Amino acid sequence: MSGLFGILSPAKRVNGDGLPLFYNIHKSVELQRCHRDTARVSVTLAELLMSVEDEGDDQSRAMDIAVASNFWSSVPSSRVPSSSPFVLSFKDLTYSVKIKKKFKPFPCCGNSPFDGNDMEMNTKVLLNGISGEAREGEMMAVLGASGSGKSTLIDALANRISKESLRGDITLNGEVLESSLHKVISAYVMQDDLLFPMLTVEETLMFSAEFRLPSSLSKKKKKARVQALIDQLGLRNAAKTVIGDEGHRGVSGGERRRVSIGTDIIHDPIILFLDEPTSGLDSTSAYMVVKVLQRIAQSGSIVIMSIHQPSYRILGLLDKLIFLSRGNTVYSGSPTHLPQFFSEFGHPIPENENKPEFALDLIRELEDSPEGTKSLVEFHKQWRAKQTSSQSRRNTNVSLKDAISASISRGKLVSGATNLRSSFQTFANPFWTEMLVIGKRSILNSRRQPELFGIRLGAVLVTGMILATIFWKLDNSPRGIQERLGFFAFAMSTTFYTCAEAIPVFLQERYIFMRETAYNAYRRSSYVLAHTIISIPALIILSAAFAASTFSAVGLAGGSEGFLFFFFTILTAFWAGSSFVTFLSGVVSHVMIGFTVVVAILAYFLLFSGFFISRDRIPLYWIWFHYLSLVKYPYEGVLQNEFEDPTKCFVRGIQMFDNSPLGQVPTAVKISLLKSMSGVLGINVTAETCVTTGIDILKQQGITEISKWNCLWITVAWGFFFRVLFYFTLLIGSKNKRR
């Protein structure tokens with residue numbers, strides 16, 4: 001690890017409170033800041049790792065302690081600027097979208113009957129020549145009313161807008177950022193707090209560390225990073241508390257927001273983007289969140305965020321402001337220059353007025369005026385030109401490659417890059433490690449919500465018991481045949497319908513998945529395979545419960561071998577249904593839409609399965625849907641399992657009349673009719689003559705093409721097919737980029 005971080009790791013030192021010594025130094029520097037009003041020293045990852053004990057002999061450990069002592073004694077009380085600073089510059093960013101506008105051929109006549117059909121395209125400019133600069137150690141805030149372009153600018157800087165649509169230049173230390181490198185050295189915190197509800201704060205951050213920190217880093221050091229981050233985020237008292245949701249009490253809104261930030265900065269990124277991190281929070285919680293962001297910036301990061309309306313205290317933490325109005329810059333610069341700017345514009349800020357609030361109110365008034373904010377935009381251009389000419393620009397002569405290399409040597413980037421194009425890893429961990437972590441997290445979250453699986457298991461058991469009592473011990477009569485067909489059709493369709501619960505499960509994880517994969521926390525393939533594997537035990541339990549509660553009670557044939565095939569058919573039906581519903585959950589975006597689509601499609605599958613109408617009677621123009629029906633194959637499989645014995649008789653001579661108007665006549669009359677039929681047909685048909693065997697029933701149902709084992713394997717193949725489709729759906733549909 002010394003090659004990666006450039007420093008040695010001394011033995012762990014703790015104080016009387018059991019906290020690492022670096023935390024005390026961290027606190028002492030904070031106290032110095034209070035007395036001397038200097039910037040605070042923040043602990044980078046390399047400094048953190050210095051406090052973690054490595055295995056080695058006593059001599060090596062003593063040497064490490066000496067190195068650590070020299071290191072900490074050299075840290076000044078005020079923050080020392082990095083010798084290789086990062087500067088993110090953006091120039092003339094322009095982004096527009098095409099929107100549909102209704103075309104009215106006769107606007108003077110009001111609404112036209114053609115309004116809904118004839119459309120013309122209109123261009124809306126969301127960003128119009130936005131320029132600026134953010135430096136390491138600084139916090140930049142983007143302000144403006146709703147629709148001003150705040151989130152769009154953050155998305156543009158965070159590489160969340162396709163390069164084909166965005167015009168302008170975005171550089172880091174003068175060099176254009178490649179998309180792959182951008183994902184490694186930056187992080188993006190969404191406006192919504194997307195977290196697993198039943199994981200604790202500590203577990204959430206630990207799983208994030210296992211995803212984002214490389215496998216070469218020991219478990220002990222990952223835990224140390226998590227503990228330091230918990231202290232940095234001010235979450236020590238909530239570390240063992242679950243995140244919570246509507247049905248489970250958990251952390252507060254401010255704590256939840258800080259956890260969201262922590263999951264994205266676990267790898268100590270150079271650039272941190274945040275979309276309105278204070279929205280929905282009270283003033284105290286909002287201030288604490290921004291205070292945490294200030295510490296992150298002072299540890300050597302560039303922090304850029306959109307914010308709706310900062311308070312006076314929050315304004316004092318910010319280094320740069322950009323005010324936007326309908327995609328145009330109306331102010332950019334330091335918060336301290338804000339009064340001077342508006343004073344020179346002719347609208348001085350009153351002494352006791354909240355400066356950002358005054359600015360936003362003035363911008364809204366100008367937007368409602370006939371001329372809009374054009375005068376303010378032009379004044380800002382002149383003012384910026386004058387400010388730029390009167391100030392000496394601070395340029396960095398350090399190349400991006402050298403700056404990143406120096407950053408890695410300080411431990412700032414654990415999964416970073418020493419080469420701008422090829423030497424860095426796209427993902428921090430190998431495929432199998434990602435699978436294990438994803439599976440472990442999903443199992444832990446599900447285990448703390450046993451009621452979800454319990455309800456599903458209960459539904460299967462109740463359905464099985466109802467079917468068992470309705471179809472109790474079916475006999476081998478014509479009526480028993482029809483009842484068997486009904487039982488199998490309902491049983492197979494039930495297995496598919498009970499899989500609909502997979503829709504809300506993935507939809508709840510969708511945005512967590514999109515956030516994590518947007519910056520290469522793990523591969524989409526490892527996510528799909530992990531969730532496929534962990535779903536199998538639940539399907540086995542459900543299948544065993546259903547088969548055990550129905551097979552013997554209904555009186556199905558085949559003995560132990562028949563039971564095993566029935567069980568495996570139920571299992572493959574659950575598997576195919578679960579895969580199909582999982583695929584649909586990746587396509588639809590709303591729970592109710594998903595349920596509607598699933599119910600409709602499964603109804604069509606049942607309709608064309610061969611139960612309501614046999615294959616031979618389905619019209620040719622619909623026969624293709626019969627072969628696409630997921631219910632067809634398990635349904636035909638269990639029918640063959642039940643009726644494949646050619647020696648077993650289901651209808652004897654006297655039973656021929658059971659399902660006809662002659663079914664109620666006396667037995668003697670039936671025997672007389674059989675004798676008459678025998679004379680006409682030339683075949684001796686007695687009361688005990690077998691008229692219909694199981695093979696005859698299969699022929700009547702049109703089930704002669706595929707063997708029962710092939711039906712089983714086709715059902716399994718359908719499950720794999722939909723899992724592959726699910727993967728490609730995630731691959732295509734989770735790009736997280738605007739067009």
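Keep in mind that glycine also has a Cβ here, set from the backbone N, Cα and C atoms.
If you check Swiss-Prot, you get these features:
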type     : residues                                       : note
DOMAIN   : 88-351                                         : domain 'ABC transporter'
BINDING  : G144, A145, S146, G147, S148, G149, K150, S151 : ATP binding site
DOMAIN   : 433-643                                        : domain 'ABC transmembrane type-2'
TRANSMEM : 452-472                                        : transmembrane segment
TRANSMEM : 487-507                                        : transmembrane segment
TRANSMEM : 528-548                                        : transmembrane segment
TRANSMEM : 563-583                                        : transmembrane segment
TRANSMEM : 593-613                                        : transmembrane segment
TRANSMEM : 712-732                                        : transmembrane segment
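Locations of recorded Swiss-Prot features on the structure.
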{"residue": "G144", "record": "ATP binding site", "Cβ neighbours (10 Å)": "28"}
{"residue": "A145", "record": "ATP binding site", "Cβ neighbours (10 Å)": "18"}
{"residue": "S146", "record": "ATP binding site", "Cβ neighbours (10 Å)": "7"}
{"residue": "G147", "record": "ATP binding site", "Cβ neighbours (10 Å)": "14"}
{"residue": "S148", "record": "ATP binding site", "Cβ neighbours (10 Å)": "25"}
{"residue": "G149", "record": "ATP binding site", "Cβ neighbours (10 Å)": "27"}
{"residue": "K150", "record": "ATP binding site", "Cβ neighbours (10 Å)": "23"}
{"residue": "S151", "record": "ATP binding site", "Cβ neighbours (10 Å)": "18"}
Extra residues within 8 Å (Cβ to Cβ centroid of G144, A145, S146, G147, S148, G149, K150, S151), ATP: T152, S306, L324
Contact call for the transmembrane segment (593-613) and the transmembrane segment (452-472): at least 3 Cβ pairs under 8 Å, seq gap 6+: no
Stretch of maximal Cβ-Cβ contact with the transmembrane segment (487-507) [cut-off: under 8 Å; candidates 452-472, 563-583, 712-732]: 563-583
For the domain 'ABC transporter' (88-351), the mean pLDDT of the predicted model: 87
